[in-house]
Amino acid sequence: MDVSSLLDGLNEMQREAVGAPLSSMLVLAGAGSGKTRVLTHRIAWLMQVEQQSPYSILAVTFTNKAAAEMRERVEKVVGTNMGRMWIGTFHGLAHRLLRTHYQDANLPQSFQIIDSDDQLRLLKRILKSLNLDEKQYPPRQCQGYINGKKDQGLRPKHIDAGNFPIEQNLLNIYKIYQESCDRAGLVDFAEILLRAHELWLNKPHVLAHYQERFKHILVDEFQDTNAIQYAWIRVLAGKSANVMIVGDDDQSIYGWRGAQVENLHRFLTDFPGSNTVRLEQNYRSTANILNASNELIANNPERLGKKLWTEDKAGEPIAIYCAFNEMDEARFIVGKMAEWHAKGGNLADCAILYRSNAQSRVLEEALLHKGLAYRIYGGLRFFERQEIKDAMGYMRLINNKDDDAAFERVVNTPTRGIGNRTLEIIRSTARQQEMTMWQASVRLMEEKVLTGRAANAVNGFMDLVIGMRTDTSDMSLYSMADTVIQRSGLRAMYEAEKGEKAQSRVENLNELVTAARSFEMPEELEDMGELNAFLSHAALEAGEGQADKFTDAVQLMTLHSAKGLEFPVVFMAGVEEGIFPSKMALDEGDRLDEERRLCYVGMTRAMQKLYISYAESRRIYGREDYASPSRFIGEIPSEYVEEIRMKASVSAPAMSSRFNVPRQSIANDSGFKVGQKVKHFKFGQGIVTDFEGTADKARVQVNFTDFGSKWLLVSLAKLEAC
Ligand code: ATP
Ligand code: MG
């Protein structure tokens, strides 16, 4: 490939960066200005024009997806497979280094990586062995402490806990945790980076080898690097490597996780003589979207400051939808997507972005109802999430004590001293006597096989389940859900754990109460009982699984995971005070700027059309709140905006029927004929025998081959003619 074609499709500033003489460089530019494109073209340039070996290049980015895309883009430009070239995430590359030099890194060859859950389990064991109370030392807090120290490059020997007993204990936990990891050959995520950094510091010959090798280092999304990542790059670069970093201070959104936007300034000091290139033309978004985003971010103080422009047409205005409530919002979003799809648009071109994971539930439900495939990017569907399964486990046991899977799931969650040995006795009794685990437990208690602490613990658990069952028998479904989450100790367990993940789990648990509250019994399941019906509903939703990667599917994700991506159509949902900016950011004033940057990231993902929506009242996290639109909406000048108010047809009573097929589309009869063959998703095949009612009350009687005759509400039954 010749030089000119490498520079094709680049503007003048981009060419300057791509074709710059070998030296260090900072590309500082706003969203959608082609930073990632410049970085990939630079890699190709180094190989093809500067004749540098792919072996001498190291490129780092933030997520596996971005790394895979970068590799793909480079391969496309260069036209060959880049095989073992070092393109990856910080963790991926550091891991590769440790595998190659396990001896120098003081690791056994067979060392294993443990994820965050494994780490937590290990910490729990250590706390127990130290006789430390989990309430006083929540495992997640210990985990946060250890990872935080590692991210700063600190080993126990570097830390002075002074005369503070809590700090001393945490330090001791860190020490013992590390010793047991070392003994077992286990490495956690933070450890990967720390060890890779120590490898540089402790083994000069290894460092020298890689310094000799990697003459070119390129880093994308640099604004979100933390201290240890920066240090790793800096040491590796030494005095001679050419380092190209690209980033945008306005998109720094991981401050709360230790990322240091100051690294951008530090770079200029640490790599004197590096050029700064600014890109100002945006190629992603229409002028309306771009200008609105610029105006929004201008409200932040302390910016490095840049102005983006585009040649693109103004495009459609940003649509702001004021929803009546969260269901109306979901219905609106899904309706717009269905319209787009009906006109031939791909579902995969649409993304719904939200601030917190718990918000996905209502959207998922609306998508399922409409039959649109969706994928949750970087996360699980609502009913598949651990904490939801925990809570549902208790509800399932209340519904049916003999549900063994539920029994196994919650018998020792939260921990109540029922160890593996006790469980093994219960299991084998159940097996031998052909009983359920509950029945086996009763038998073991009666026969006094279990004694002492084990007996007390199992007894306590059974009392808890029976007590909840009795006390909730007259309750509404949502009070029951709330009671279960509270009395089981699940809420307290996750609340004690601190940290972002735990907080999101508490939000999800509370959101389960909302789910129960808005659950409406499908008439055809009426004789099932509400709890039972709700449990089946949850199991069905969880069971559908994610759309696989070959299916055209709407993408759902948090605003954080949307970084670096772009979509023709973007919906930002739940843009309300207290949700976005989040309540926590509002309480801690200095986090507001980071929330605004997150809003900027969200808006600038959109290429053609951006929808922003908020609800006047919202049931979320188990509460019902009246919310006002986010201040961020107010910061977008009205010239770029078109406000969509609620339509008259979307009146309160209409909404109470929960994502029903819109009234107008329901004919005043069922749309089926007597004698017609139909199919129901649950009851299978049948023949229509009668009708009654009109509009959304239209009902149809079907005689099912396997289930006999049933009256079904047409609007809910999703009958198909066949
Ligand atoms: P972000 O800050 O969101 O990571 P970015 O600065 O990395 O954005 P890119 O993703 O590289 O931006 O580019 C945004 C879009 O603009 C991409 O679709 C890219 O292909 C396109 N693009 C970049 N430069 C040009 C150009 N000179 N001509 C045409 N399209 C371009
Ligand atoms: Mg990018």
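Heads up, residue numbers simply count up from 1 along the chain you see.
Including glycine, each Cβ sits where the backbone N, Cα and C put it.
Here is what TrEMBL records for this protein:
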BINDING   ALA29, GLY30, ALA31, GLY32, SER33, GLY34, LYS35, THR36  ATP binding site
DOMAIN    8-286  domain 'UvrD-like helicase ATP-binding'
DOMAIN    287-564  domain 'UvrD-like helicase C-terminal'
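Here the binding-site residues are SER33, THR36; the one with the fewest Cβ atoms within 10 Å of its Cβ is THR36. In sequence order, ASP248, LEU279, ASN282, ARG284, LEU308 are the residues of the same chain, not among ALA29, GLY30, ALA31, GLY32, SER33, GLY34, LYS35, THR36, whose CB sits within 8 A of the CB centroid for the ATP site.
Residues from the binding-site residues list (ALA29, GLY30, ALA31, GLY32, GLY34, THR36) with a C-beta closer than 6 Å to any atom of ligand 2: THR36. Remark: ALA31 (ATP binding site) has ASP248, ASP250, GLN251, ASN282, ARG284, SER293, LEU308, TYR600, VAL601, THR604 as non-local neighbours, by Cβ distance under 8 Å and separation of at least 6 in sequence.
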